[in-house]
Amino acid sequence: MDPAARTVVLITGCSSGIGLHLAVRLASDPSRSFKVYATMRDLAAQGTLWEAARARRCPPESLETLELDVRDSDSVAAARARVTEGRVDVLVCNAGRGLLGPLEGHGPGAVGSILDVNVVGTVRTVQAFLPDMKRRGSGRVLVTGSMGGLMGIPFNAVYCASKFALEGLCESLAVLLLPFGVHVSLIECGPVHTAFYEKLEGGLGGALDQADARTRHLFSLYQRHCERVAREAQDPEEVAEVFMAALHAPQPALRYFCTERFLPLARLRLDDPSGRSYVAAMHHAVFVADPGAMQSGDSEPDAAPETAVHASDRCPL
């Protein structure tokens, strides 16, 4: 294929997980119709990406790595300037971080970091590439969303706040950009086997010693819940195929769901606008459905949480 005719894709957050798998999936596509710029905050972490690319026999000209830190507008602009084709046809905003634990245990620095990467970082990146797409009258923006952006999840308050913000950002842009020929899509992920927990801001659970005994006990129950949910976590390759579907769709949708498992809970938020049904159902699913969960009137041990969820399992539910 003529290099000038290839679809140019730039992806943030490619050092591991979904970004890495999507970059390699595109670069190894049999059609050889993609040029992929896989970006990450620190290029010292690119080794795993290139190992995967070699394993999939990606043509050398199909994949290039760039340093891009979504927290720094100058870094985003510098990466954009290094795209030799002078355009990006598909922008994938995938960089993100998690924050897990009782809200009172999160310091202002940790909270600010999550919002800076997940929300403001996405805004910076879209701001850098959207004007050219609008001028050309074509382009796609794919954003890694989460079921945690569609419903509140205990012990994920700040993370969910950041993902809820992305829902509003993308929905607003989708409405505006219709006449420009630019499409915005959210890829709504459930639990995925990635290094998500290894990159939690402040570590697993935050400063748990700042929370009361009941909250610490509930956190241990939440961890048990995550262990159950993680058994059915998706492989990043499955999620990459959902991105591919959005990328190829003639009329892209605003939302693509990697799993429908949690949609009944999400629908409760609309079926009962008061929120009572959702709050009760989510509380029961996380804290009561487990046969070992604390029942009303049970004692509340003043103990540290139990074994942490495995570091390779992402559990936003």
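For all residues, glycine too, the Cβ spot is worked out from N, Cα and C.
The NADP(+) binding site feature in TrEMBL is assigned to 13-41, Asp69, Lys163.
All chains included, 30 other C-beta atoms sit within 10 angstroms of the C-beta of Ser146 (substrate binding site). Here TrEMBL flags Ser146 as substrate binding site.
If you look up TrEMBL, you'll see Tyr159 marked as active site, proton acceptor. Tyr159 (active site, proton acceptor): 24 other CB atoms within 10 A of its CB, across all protein chains.
The region 'Disordered' annotation in TrEMBL covers 292-317.
For Tyr37 (NADP(+) binding site), the Cβ neighbour count at a 10 Å cut-off comes to 25, with all displayed protein chains included. Geometry remark: Gly17 (NADP(+) binding site) versus Ser146 (substrate binding site), CA distance 14 Å. In this structure, the C-alpha atom of His21 (NADP(+) binding site) lies 23 angstrom from that of Tyr159 (active site, proton acceptor). Remark: Gly13 (NADP(+) binding site) has Gly19, Thr39, Met40, Val70, Asn94, Ala95, Gly96, Thr144 as non-local neighbours, by Cβ distance under 8 Å and separation of at least 6 in sequence. Ranking the binding-site residues Arg25, Asp29, Ser33, Tyr37, Arg41 by Cα distance from Tyr159 (active site, proton acceptor) puts Arg41 first.
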